[in-house]
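To start, the structure under review is shown below, and the notes come after it.
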Amino acid sequence: MAAARPEAQSRSSPTPESRSQEPLDLVLVPDDCRPGTPPSDLIEIQVVKVTDTTLVPEPPEPGSFHCALCPAAFRLVSELLFHEHGHLAGAEGGGQGGDPSRCHVCGHSCPGPASLRAHYSLHTGERPYRCALCPRAFKALAPLLRHQHRHGVEPGTSRRPPDTAAVAEQRPGVAPERAEVVMAAAAAGAAVGKPFACRFCAKPFRRSSDMRDHERVHTGERPYHCGICGKGFTQSSVLSGHARIHTGERPFRCTLCDRTFNNSSNFRKHQRTHFHGPGPGLGDSGGQLGSSAAEGSGSGCGVGDPAEEGRGETAKVKVEADQ
(Lines of atoms letter the chains of each structure in order from A and count residues from 1; the text may use other names and numbers.)
(Lines give C-alpha, C1' and ligand atoms only; values in the text may rest on other atoms or scores of the structure.)
Protein backbone atom coordinates (compact mmCIF):
# COMPACT_ATOMS: atom_id res chain seq x y z
CA MET A 1 0.00 0.00 0.00
CA ALA A 2 2.85 2.36 0.87
CA ALA A 3 4.57 1.61 -2.43
CA ALA A 4 1.48 2.53 -4.41
CA ARG A 5 1.08 5.91 -2.72
CA PRO A 6 3.96 7.69 -4.50
CA GLU A 7 2.62 6.41 -7.80
CA ALA A 8 -0.81 7.89 -7.04
CA GLN A 9 0.75 11.18 -6.01
CA SER A 10 2.80 11.39 -9.17
CA ARG A 11 -0.28 10.60 -11.25
CA SER A 12 -2.38 13.32 -9.66
CA SER A 13 0.33 15.99 -9.49
CA PRO A 14 0.14 18.42 -12.41
CA THR A 15 3.14 18.90 -14.67
CA PRO A 16 5.01 22.24 -14.66
CA GLU A 17 3.39 23.09 -17.98
CA SER A 18 -0.14 22.43 -16.72
CA ARG A 19 0.34 23.96 -13.27
CA SER A 20 0.07 27.48 -14.68
CA GLN A 21 -3.18 26.64 -16.48
CA GLU A 22 -5.07 24.75 -13.75
CA PRO A 23 -6.52 26.49 -10.67
CA LEU A 24 -5.12 25.72 -7.24
CA ASP A 25 -6.53 22.69 -5.36
CA LEU A 26 -8.20 21.25 -8.47
CA VAL A 27 -6.82 17.95 -9.78
CA LEU A 28 -8.10 16.51 -13.06
CA VAL A 29 -7.76 12.71 -13.10
CA PRO A 30 -9.00 10.58 -16.05
CA ASP A 31 -11.15 7.68 -14.87
CA ASP A 32 -9.20 5.17 -16.94
CA CYS A 33 -6.08 5.97 -14.89
CA ARG A 34 -7.72 5.15 -11.55
CA PRO A 35 -7.79 1.43 -10.62
CA GLY A 36 -11.06 -0.04 -9.45
CA THR A 37 -13.29 2.47 -11.24
CA PRO A 38 -15.50 1.75 -14.26
CA PRO A 39 -14.18 3.05 -17.60
CA SER A 40 -15.54 6.44 -18.53
CA ASP A 41 -14.56 9.39 -20.69
CA LEU A 42 -15.64 11.84 -17.98
CA ILE A 43 -13.09 13.38 -15.63
CA GLU A 44 -13.16 13.14 -11.86
CA ILE A 45 -12.69 16.22 -9.71
CA GLN A 46 -10.96 16.15 -6.34
CA VAL A 47 -13.30 18.06 -4.00
CA VAL A 48 -11.56 20.67 -1.85
CA LYS A 49 -13.32 22.79 0.77
CA VAL A 50 -12.45 26.48 0.48
CA THR A 51 -13.51 29.01 3.11
CA ASP A 52 -14.59 32.59 2.49
CA THR A 53 -11.29 33.90 3.86
CA THR A 54 -9.16 31.86 1.44
CA LEU A 55 -7.27 33.85 -1.16
CA VAL A 56 -8.40 32.26 -4.42
CA PRO A 57 -6.09 32.55 -7.45
CA GLU A 58 -7.27 34.19 -10.63
CA PRO A 59 -9.53 31.93 -12.74
CA PRO A 60 -7.91 30.18 -15.72
CA GLU A 61 -7.99 31.62 -19.20
CA PRO A 62 -11.09 30.89 -21.32
CA GLY A 63 -11.03 27.47 -22.93
CA SER A 64 -8.70 25.86 -20.38
CA PHE A 65 -10.96 22.88 -19.61
CA HIS A 66 -12.09 20.76 -22.55
CA CYS A 67 -14.94 18.26 -22.71
CA ALA A 68 -13.79 14.68 -23.39
CA LEU A 69 -16.92 13.93 -25.43
CA CYS A 70 -17.08 16.99 -27.73
CA PRO A 71 -14.88 19.95 -28.77
CA ALA A 72 -16.47 22.34 -26.23
CA ALA A 73 -14.11 24.22 -23.86
CA PHE A 74 -14.89 26.09 -20.64
CA ARG A 75 -13.26 28.60 -18.34
CA LEU A 76 -14.40 26.93 -15.10
CA VAL A 77 -14.47 23.28 -14.07
CA SER A 78 -18.00 23.72 -12.68
CA GLU A 79 -19.16 24.82 -16.14
CA LEU A 80 -17.52 21.71 -17.61
CA LEU A 81 -19.33 19.50 -15.09
CA PHE A 82 -22.67 21.11 -15.95
CA HIS A 83 -21.95 20.59 -19.66
CA GLU A 84 -21.04 16.92 -19.12
CA HIS A 85 -24.29 16.51 -17.22
CA GLY A 86 -26.04 17.24 -20.50
CA HIS A 87 -24.17 14.36 -22.15
CA LEU A 88 -25.20 12.03 -19.33
CA ALA A 89 -28.81 13.19 -19.44
CA GLY A 90 -28.97 12.48 -23.16
CA ALA A 91 -27.30 9.06 -22.86
CA GLU A 92 -29.28 7.85 -19.83
CA GLY A 93 -32.64 9.40 -20.67
CA GLY A 94 -32.75 12.32 -18.26
CA GLY A 95 -29.68 12.05 -16.06
CA GLN A 96 -29.11 9.99 -12.96
CA GLY A 97 -32.28 8.14 -12.03
CA GLY A 98 -34.18 9.81 -14.88
CA ASP A 99 -34.01 13.24 -13.19
CA PRO A 100 -32.46 15.90 -15.47
CA SER A 101 -31.81 18.17 -12.45
CA ARG A 102 -29.90 15.57 -10.40
CA CYS A 103 -26.15 16.01 -9.89
CA HIS A 104 -24.21 13.16 -11.52
CA VAL A 105 -21.40 13.54 -8.95
CA CYS A 106 -23.29 13.18 -5.64
CA GLY A 107 -26.88 12.49 -6.73
CA HIS A 108 -28.31 15.66 -5.14
CA SER A 109 -31.55 16.79 -6.80
CA CYS A 110 -31.77 20.52 -7.59
CA PRO A 111 -34.93 22.58 -8.30
CA GLY A 112 -33.81 23.46 -11.82
CA PRO A 113 -30.89 23.91 -14.24
CA ALA A 114 -29.76 27.22 -12.69
CA SER A 115 -29.56 25.66 -9.22
CA LEU A 116 -27.76 22.64 -10.65
CA ARG A 117 -25.16 24.87 -12.32
CA ALA A 118 -24.49 26.65 -9.01
CA HIS A 119 -24.43 23.31 -7.18
CA TYR A 120 -21.48 22.04 -9.23
CA SER A 121 -19.32 24.85 -7.86
CA LEU A 122 -19.62 23.16 -4.45
CA HIS A 123 -17.72 20.18 -5.83
CA THR A 124 -14.96 22.23 -7.45
CA GLY A 125 -14.52 24.93 -4.80
CA GLU A 126 -14.40 27.62 -7.49
CA ARG A 127 -15.32 31.19 -6.60
CA PRO A 128 -15.59 33.16 -9.87
CA TYR A 129 -17.24 36.25 -8.33
CA ARG A 130 -14.30 38.33 -7.10
CA CYS A 131 -14.44 41.58 -5.14
CA ALA A 132 -12.63 44.42 -6.92
CA LEU A 133 -11.85 46.16 -3.61
CA CYS A 134 -10.31 43.25 -1.65
CA PRO A 135 -9.07 39.67 -2.23
CA ARG A 136 -12.38 38.06 -1.21
CA ALA A 137 -14.13 35.78 -3.72
CA PHE A 138 -17.59 34.21 -3.70
CA LYS A 139 -19.48 31.39 -5.40
CA ALA A 140 -22.52 33.52 -6.28
CA LEU A 141 -23.22 37.15 -7.18
CA ALA A 142 -25.70 37.89 -4.35
CA PRO A 143 -23.21 37.41 -1.46
CA LEU A 144 -20.61 39.40 -3.40
CA LEU A 145 -22.97 42.39 -3.69
CA ARG A 146 -23.75 42.16 0.04
CA HIS A 147 -20.03 42.07 0.78
CA GLN A 148 -19.27 45.05 -1.46
CA HIS A 149 -21.91 47.10 0.32
CA ARG A 150 -19.80 46.82 3.45
CA HIS A 151 -16.94 48.65 1.76
CA GLY A 152 -19.12 51.74 1.60
CA VAL A 153 -20.27 51.70 5.24
CA GLU A 154 -17.23 50.40 7.12
CA PRO A 155 -14.28 52.81 7.41
CA GLY A 156 -10.65 51.80 7.70
CA THR A 157 -10.34 49.64 4.59
CA SER A 158 -6.77 49.11 3.45
CA ARG A 159 -7.77 49.05 -0.20
CA ARG A 160 -7.85 52.20 -2.32
CA PRO A 161 -11.42 52.72 -3.63
CA PRO A 162 -11.98 53.02 -7.38
CA ASP A 163 -12.14 56.37 -9.14
CA THR A 164 -15.86 57.04 -8.72
CA ALA A 165 -15.61 60.39 -10.50
CA ALA A 166 -14.40 58.64 -13.66
CA VAL A 167 -17.30 56.19 -13.46
CA ALA A 168 -19.82 59.01 -13.08
CA GLU A 169 -18.28 60.77 -16.07
CA GLN A 170 -18.47 57.63 -18.26
CA ARG A 171 -22.00 56.74 -17.14
CA PRO A 172 -24.16 59.88 -16.88
CA GLY A 173 -26.87 59.49 -14.28
CA VAL A 174 -24.74 57.43 -11.86
CA ALA A 175 -24.73 59.09 -8.45
CA PRO A 176 -21.25 59.43 -6.87
CA GLU A 177 -22.27 57.29 -3.90
CA ARG A 178 -23.44 54.54 -6.28
CA ALA A 179 -20.49 54.69 -8.67
CA GLU A 180 -18.28 52.49 -6.47
CA VAL A 181 -20.93 49.78 -6.25
CA VAL A 182 -21.62 49.88 -10.01
CA MET A 183 -17.93 49.68 -10.87
CA ALA A 184 -17.33 46.79 -8.47
CA ALA A 185 -20.36 44.90 -9.79
CA ALA A 186 -19.17 45.37 -13.37
CA ALA A 187 -15.72 44.05 -12.46
CA ALA A 188 -17.25 41.02 -10.73
CA GLY A 189 -19.61 40.36 -13.62
CA ALA A 190 -16.74 40.50 -16.11
CA ALA A 191 -15.26 37.41 -14.44
CA VAL A 192 -18.33 35.41 -15.49
CA GLY A 193 -18.92 37.05 -18.86
CA LYS A 194 -21.31 39.81 -17.69
CA PRO A 195 -19.29 43.04 -17.76
CA PHE A 196 -22.23 45.50 -18.00
CA ALA A 197 -23.88 46.50 -14.69
CA CYS A 198 -27.12 48.42 -14.17
CA ARG A 199 -26.45 51.84 -12.66
CA PHE A 200 -29.52 51.54 -10.41
CA CYS A 201 -29.41 47.98 -9.00
CA ALA A 202 -25.95 46.76 -10.16
CA LYS A 203 -27.45 43.72 -11.91
CA PRO A 204 -24.90 42.39 -14.47
CA PHE A 205 -25.59 41.65 -18.14
CA ARG A 206 -23.68 40.07 -21.01
CA ARG A 207 -24.58 42.78 -23.55
CA SER A 208 -24.89 46.52 -23.18
CA SER A 209 -28.17 46.46 -25.12
CA ASP A 210 -29.69 44.11 -22.52
CA MET A 211 -28.49 46.44 -19.78
CA ARG A 212 -30.13 49.46 -21.44
CA ASP A 213 -33.40 47.57 -21.86
CA HIS A 214 -33.31 46.64 -18.17
CA GLU A 215 -32.56 50.18 -17.00
CA ARG A 216 -35.81 51.35 -18.58
CA VAL A 217 -37.60 49.40 -15.84
CA HIS A 218 -36.07 51.86 -13.34
CA THR A 219 -36.43 55.03 -15.42
CA GLY A 220 -39.92 54.30 -16.77
CA GLU A 221 -38.76 55.16 -20.30
CA ARG A 222 -40.89 53.62 -23.08
CA PRO A 223 -39.30 54.61 -26.40
CA TYR A 224 -41.29 52.18 -28.58
CA HIS A 225 -44.85 53.38 -29.25
CA CYS A 226 -47.70 51.71 -31.09
CA GLY A 227 -48.67 53.64 -34.21
CA ILE A 228 -52.35 52.75 -33.78
CA CYS A 229 -53.17 53.27 -30.10
CA GLY A 230 -50.05 55.12 -28.92
CA LYS A 231 -49.20 52.69 -26.11
CA GLY A 232 -45.50 52.72 -25.16
CA PHE A 233 -43.18 49.77 -24.51
CA THR A 234 -39.65 49.28 -23.21
CA GLN A 235 -38.59 46.81 -25.92
CA SER A 236 -39.28 46.56 -29.64
CA SER A 237 -40.08 42.84 -29.37
CA VAL A 238 -42.92 43.61 -26.93
CA LEU A 239 -44.25 46.24 -29.35
CA SER A 240 -44.25 43.66 -32.17
CA GLY A 241 -46.35 41.29 -30.06
CA HIS A 242 -48.75 44.11 -29.15
CA ALA A 243 -49.22 45.06 -32.81
CA ARG A 244 -50.70 41.62 -33.52
CA ILE A 245 -53.73 42.60 -31.42
CA HIS A 246 -54.56 45.30 -33.97
CA THR A 247 -53.62 43.35 -37.11
CA GLY A 248 -55.26 40.08 -36.06
CA GLU A 249 -52.12 38.12 -36.92
CA ARG A 250 -51.91 34.78 -35.07
CA PRO A 251 -48.64 33.10 -36.13
CA PHE A 252 -48.54 30.46 -33.35
CA ARG A 253 -50.63 27.38 -34.32
CA CYS A 254 -51.21 24.26 -32.22
CA THR A 255 -50.53 21.12 -34.28
CA LEU A 256 -52.97 19.03 -32.20
CA CYS A 257 -56.14 21.11 -32.43
CA ASP A 258 -55.32 23.89 -34.97
CA ARG A 259 -55.96 26.71 -32.49
CA THR A 260 -53.93 29.84 -33.17
CA PHE A 261 -52.47 32.47 -30.84
CA ASN A 262 -50.98 35.92 -31.24
CA ASN A 263 -48.16 35.41 -28.71
CA SER A 264 -45.90 32.55 -27.71
CA SER A 265 -46.76 32.74 -24.00
CA ASN A 266 -50.44 31.87 -24.49
CA PHE A 267 -49.42 29.26 -27.06
CA ARG A 268 -47.16 27.45 -24.57
CA LYS A 269 -49.84 27.57 -21.86
CA HIS A 270 -52.33 26.03 -24.28
CA GLN A 271 -49.91 23.24 -25.24
CA ARG A 272 -49.71 22.10 -21.63
CA THR A 273 -53.42 21.22 -21.70
CA HIS A 274 -52.65 18.40 -24.15
CA PHE A 275 -50.06 16.71 -21.94
CA HIS A 276 -49.64 15.46 -18.40
CA GLY A 277 -47.40 17.38 -16.03
CA PRO A 278 -45.55 20.71 -16.35
CA GLY A 279 -43.39 21.91 -19.17
CA PRO A 280 -43.82 23.58 -22.56
CA GLY A 281 -45.56 20.67 -24.27
CA LEU A 282 -43.76 17.71 -22.66
CA GLY A 283 -44.51 16.39 -19.19
CA ASP A 284 -43.35 13.69 -16.82
CA SER A 285 -45.08 11.06 -18.94
CA GLY A 286 -42.51 11.66 -21.69
CA GLY A 287 -44.87 13.35 -24.10
CA GLN A 288 -47.93 11.11 -23.59
CA LEU A 289 -51.17 12.74 -24.58
CA GLY A 290 -53.52 13.65 -21.77
CA SER A 291 -56.92 12.02 -21.43
CA SER A 292 -58.71 14.96 -23.05
CA ALA A 293 -56.52 14.91 -26.16
CA ALA A 294 -56.16 11.10 -26.37
CA GLU A 295 -59.90 10.47 -26.19
CA GLY A 296 -60.64 13.26 -28.67
CA SER A 297 -63.12 14.95 -26.38
CA GLY A 298 -61.65 18.38 -27.17
CA SER A 299 -62.09 19.60 -23.61
CA GLY A 300 -58.54 20.96 -23.58
CA CYS A 301 -58.88 23.02 -26.74
CA GLY A 302 -62.57 23.71 -27.33
CA VAL A 303 -62.96 21.30 -30.30
CA GLY A 304 -65.94 18.96 -30.67
CA ASP A 305 -68.36 20.65 -28.26
CA PRO A 306 -69.99 23.87 -29.56
CA ALA A 307 -70.52 25.14 -26.03
CA GLU A 308 -66.89 24.52 -25.14
CA GLU A 309 -65.80 26.15 -28.37
CA GLY A 310 -67.78 29.29 -27.57
CA ARG A 311 -66.34 29.51 -24.09
CA GLY A 312 -62.84 29.06 -25.49
CA GLU A 313 -63.30 31.94 -27.92
CA THR A 314 -64.63 34.19 -25.12
CA ALA A 315 -61.62 33.42 -22.94
CA LYS A 316 -59.30 34.03 -25.87
CA VAL A 317 -60.75 37.47 -26.56
CA LYS A 318 -60.42 38.38 -22.90
CA VAL A 319 -56.71 37.46 -22.88
CA GLU A 320 -56.11 39.60 -25.94
CA ALA A 321 -57.98 42.55 -24.46
CA ASP A 322 -55.80 42.46 -21.34
CA GLN A 323 -52.62 42.86 -23.36
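The backbone N, Cα and C atoms fix where each Cβ goes, and this holds for glycine too.
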Candidate annotated in Swiss-Prot as SUMO2 cross-link, out of LYS139, LYS318: LYS318
Range among 101-123, 170-192 that Swiss-Prot annotates as zinc finger: 101-123
For the zinc finger (224-246), the number of residues DSSP places in helix, strand and coil: 11 helix, 4 strand, 8 coil
